[in-house]
Amino acid sequence: MTKTFRNPQLTKNGELKHLLSIEGLSRDMITHILDTASQFVSLSDSDRDVKKVPLLRGKSVFNLFFENSTRTRTTFEIAAKRLSADVLNLNINASSTSKGESLLDTINNLSAMSADMFVVRHASSGAPYLIAEHVAPHVHVINAGDGRHAHPTQGLLDMYTIRHFKKDFTNLTVAIVGDILHSRVARSDIHALTTLGVPEVRAIGPRTLLPSGLEQMGVRVFHSMEEGLKGVDVVIMLRLQNERMSGALLPSAQEYFKAYGLTPERLALAKPDAIVMHPGPMNRGVEIDSAVADGAQSVILNQVTFGIAVRMAVMGIVAGNND
């Protein structure tokens, strides 16, 4: 008998219960998340008196960040509070995990405190999957980045940003530039872009920072910025993931900028209305020139703003789905 594979993110009815990866999500499901996010964007308007909705009132959201984060943790906290949830940010360095308690012991103890949702960032690929397998049926898990594997909410907010400025995915050329080998954002973006029907996704970077198998994912590989940026609609820049590198993969930051930094001159090779994105944190003068980061074609701060609405959408959707 053939064993049927079940996506661990989905309920028996195919609804989103956890968000662990963009891989395995349908185009309709991704579009539903983006459409839901658009309903929350107006909550960020500075002239709006009330910025909360009661969708998660009475629910407890635990942010478990085993790696440092500023944007992601903060936007998840804002998103949960705007949904009226009670939010607890666990200080990992001061917690029992730093004293030898296992990951699952930590989860079990927090679950005993009536947790309804865990937002998890962990250095080990697959950690959110492990947690999702062991939580109670009513508890939801959102992956806020696991090792090199995935960063699904970043991928979704990137898709929201692209859709906001470009409308139609099916006639775009998108270039992802930099340290793709170590980037969970790149993996999530590639899965999302190909699922949404983007006809050409390009990866640009030195051979030492590009993983094998990109072509099998439908990605065109370039080792030259000048060649890879020609005629693109969207440029997604990635930082060097020095904390995940072992050994000297590059000569120096200066040499990297010389070969792969996004300058105004290189950006001019893209379409005149191309947009520039970056998941942050940026290393100015390494992968991106300040003139580009702060320029008219940059939508980097828009990504941060849209990230709140996208994370609200994800939390609201998963909270409504149980087996």
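Note that the numbers count up from 1, one per residue, in the order the chain is shown.
Cβ from N, Cα, C; glycine included.
Around Pro281 (carbamoyl phosphate binding site), the same-chain residues six or more apart in sequence whose CB sits under 8 Å from its CB are Thr70, Arg71, Arg239, listed in sequence order. The secondary structure of Pro281 (carbamoyl phosphate binding site), as reduced to three states from DSSP, is coil rather than helix or strand. Among the features that Swiss-Prot reports, carbamoyl phosphate binding site is placed at Arg71, Thr72, Arg121, His151, Gln154, Gly280, Pro281.
Per Swiss-Prot, L-aspartate binding site is recorded for Lys99, Arg184, Arg239. Residues near Arg184 (L-aspartate binding site) in space but far in sequence (CB under 8 A, at least 6 apart, same chain), listed by position: Gly145, Asp146, Gly147, Arg148, His149, Ala150, His151, Gln154.
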Intrachain C-beta neighbours of Thr72 (carbamoyl phosphate binding site), sequence separation six or more, cut-off 8 angstroms: Phe65, Arg121, Ala144, Gly145, Thr153, Gln154, Gly307
Beyond the site residues Arg71, Thr72, Arg121, His151, Gln154, Gly280, Pro281: chain residues whose C-beta lies within 8 Å of the centroid, for carbamoyl phosphate: Ser69, Thr70, Ala144, Gly145, Val185, Pro279
Residues near Gly280 (carbamoyl phosphate binding site) in space but at least six apart in sequence (CB under 8 A): Arg71, Arg239, Ile300, Gln303, Val304
Least Cβ-crowded entry, counting other Cβ within 10 Å, from the binding-site residues listed as Arg121, Arg239: Arg239
Three-state secondary structure, Gln154 (carbamoyl phosphate binding site) (per DSSP): helix
